[in-house]
Structure formats: structure tokens, C-alpha cells
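Structure, as C-alpha cells:
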Amino acid sequence: AKAYWDVNFKGTRNIINACLKYEVSRFVYCSTIGVVSSVKNPPADETAPYSPGDVYQESKCAAEKEVLRYVRDKKLPASVVRPCAIYGPGDLRLLKMFRMIAHKKLYMIGSGNALYHMVYIKDLVSGFILASEKKEAIGEVFIIGGERYTTLNELFQIIADEFDVKLPKIHLPLIPVEILSAIIEYIYKPFGKKPL
């Protein structure tokens, strides 16, 4: 948790102070869509109230607020970009999920109706470039995502269709899985290992 605050908040503050000191012409802060993780009527837009869901998101939220405070109080020429879930070539973060779906070993936790909004890396880069070039972007926050969002059920089905496999019909209940996950994490922690 401390590392998140050291990097995301203190590190960002160091960068924005350096931007002011060296009169940088533009700064684009990379936040996360997670700063508005609890949205009553998804999908979120840029006016959704802050509602970070974990320590990482809290640290990004604090940094985002700091950037916007510097824009307001010190005329920092900055914008904030909140990427949705990023995907693209070379990204291995979703590989485990793809493999589990391909081998029919992935079970949905909860209803599967939660919305999942992704953005292709090239589209995200284009968004960053626009935010860095357009004068109107200074002081603004931008959520950058793909043209459409899906439910987790739909996303998993798209992947399963590509592998030509059927998804398991079992949906595991959310609360017991969360409790079990917390217990497993607690057990693994003294050994310095991460749960599977």
C-alpha cells in the first residue's frame, strides 16, 4: 500500500513540481477509470463522483486531485486521462483468462452482468496525444475507452466463440468467493507467496 502512495501520489507531485519549475508546456496525467469504480448507473462519464475501490485507486485518485489542484491554483498546463482496461499486442495480463476459457476452466464469479470497458492501446495513445496538443484539454478529465462496453458474460462469450468452446454454465456466488479469497491471501502472506 505504501508503494502505491509513494509512486502514484508522491511521485506525481514530484513530476508536477518539476513541470512548473522547468516550465513544461504540457503534462498529461495517466489516472485510472478505477477512481470512479462505484457508479450507480454505468458506464461512468467524466462527471461521476470519485469512488475509488481499493488502495491503488485511492492513490491514483489523490494524485488526480492534486494535478487538478495544481491546474487551478498554479496554472499547471495539465490534463487527466482515465484509461479503461487496456489491451493490445504483447500484453500478457489477460493471457491466463484466455487460457482458462480455452480449457473450459473459467467460472464466472457473480452474475457476470458487471460492465467491462476496454480500450485498444493505439486508441489510448491517440487520446493522450490529443490531450497533449489541444489547448481546450487543459484542466479537463477524459475517460478513454473503446466504442462499446460489454458485460463480463458477453466478453467471456466473445473469447469462447473465438476458441470455439462452450463456457461453463456455473456462476460462483460473489460473497463466499470474496471471503475465501481473503482467507487464502491471509494464509499465503507469511510465506511471501501470491495466491494462484
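Backbone N, Cα and C atoms are what each Cβ position is placed from, and that goes for glycine too.
What TrEMBL says about a protein is an automatic prediction, not a curated fact.
Since we're looking at a predicted model, the values are computed, not measured.
As recorded in TrEMBL:
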- 2-145: domain 'NAD-dependent epimerase/dehydratase' (DOMAIN)
Secondary structure content of the domain 'NAD-dependent epimerase/dehydratase' (2-145), with strand meaning DSSP E or B: 67 helix, 27 strand, 50 coil
Model confidence over the domain 'NAD-dependent epimerase/dehydratase' (2-145) (mean pLDDT, whole number): 94
